[in-house]
Amino acid sequence: MKNIGKMGIHYLQRLKAANVPNDLIEKGQNRVIEASLTLIRERAKLKGELLRALGGVVASSSLLGVPIGHNSSFLQGPAFAPPRIREAIWCGSTNPSTEEGKDLNDPRVLTDVGDVPVQELRDCGVDDDRLMSIISESVKLVMEQEPLRPLVLGGDHSISFPVVRAVSEKLGGPVDILHLDAHPDIYHAFEGNKYSHASSFARIMEGGYARRLLQVGIRSINPEGREQGKRFGVEQYEMRTFSRDRQLLENLKLGEGVKGVYISVDVDCLDPAFAPGVSHIEPGGLSFRDVLNILHNLKGDVVAADVVEFNPQRDTVDGMTAMVAAKLVRELTAKISK
């Protein structure tokens, strides 16, 4: 998978070695980038116009896929997750109602603007600095079309940095973040990669895009993770004390005095008994109902969210984890839409 993910970069290097002019390559890349952004812009515009015409919508969840996997430190299967999550959302084995009674068939509740074409961009030699900017710009294009709010399908956890950056910049200030994960993902630059999925929240906190960062479900953390948490004032809730912390975590109130609440759910926050299809299996995690209790009881204006790190290549044959990820998306949809 790593070789596949780097094919575009290697191809670009060969072109440069063959003395192909840089401006020719850059012009071609710019055309592909603009075409990619144009498709998302026009789809978001269409969905926004529809909802404004229907009326009565304050906020509506809009799916945006970011199928990125090459910033994973272990397996890159999360790049294949967005279509599998969508398939599971609309699986005929369940009905389109969320637990709180919202109908996903109602476009005022849920729309979809498609995917950022990550692999196509990388095939054209677009590097990670530009790719992260493209992801941020894509999120902003969704947010420009009120009442759409982005619900982002990963992909590995590296996507949270450009998404949160875009949300904070678009809203004009920091947000509070609820981050559910087995890992704190706050290394300075894991394995030398500043965009590693294990470093996304270091970039977020460095950028001042969050006022409070609450990390829940943590059970794989080393001294650097704790030191970085202290450096940035992160509120880390480890599984070893979850029984003590449960009442607090199931009655959170976030977002007052800032621009709202961002929720990031790494599927491996769940115990692998509930979600085996992840790259990093960490026993001793949250139950699915634990997660829903935290989400359902949270008080705050949820302005955007992501669901990340589902790895279809490690899922069961009947797609159990896909259904789990889809259920998370469905319940986050209900939390965002109003």
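Every residue, even glycine, has its Cβ placed from backbone N, Cα and C.
TrEMBL annotations:
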type	residues	note
BINDING	His157, Asp181, His183, Asp185, Asp266, Asp268	Mn(2+) binding site
Does Asp266 (Mn(2+) binding site) have same-chain partners at least 6 apart in sequence with Cβ under 8 Å from its own Cβ, and which are they?
His157, His179, Leu180, Asp181, Ala182, His183, Asp185, Val308, Glu309
Sorted by sequence, non-His157, Asp181, His183, Asp185, Asp266, Asp268 residues with Cβ within 8 Å of centre, Mn(2+):
His179, Ala182, Pro184, His197, Ala198, Cys269, His280, Val308, Glu309
Sequence-distant neighbours of Asp268 (Mn(2+) binding site) in its chain (C-beta under 8 A, six or more apart):
Asp181, Ala182, His183, Ala275, Val278, Ser279, His280, Ile281, Glu282, Gly285, Glu309
Sparsest Cβ surroundings (other CB atoms within 10 Å) among the binding-site residues Asp181, Asp185:
Asp181
Around His157 (Mn(2+) binding site), how many other C-beta atoms are within 10 angstroms of its C-beta?
27
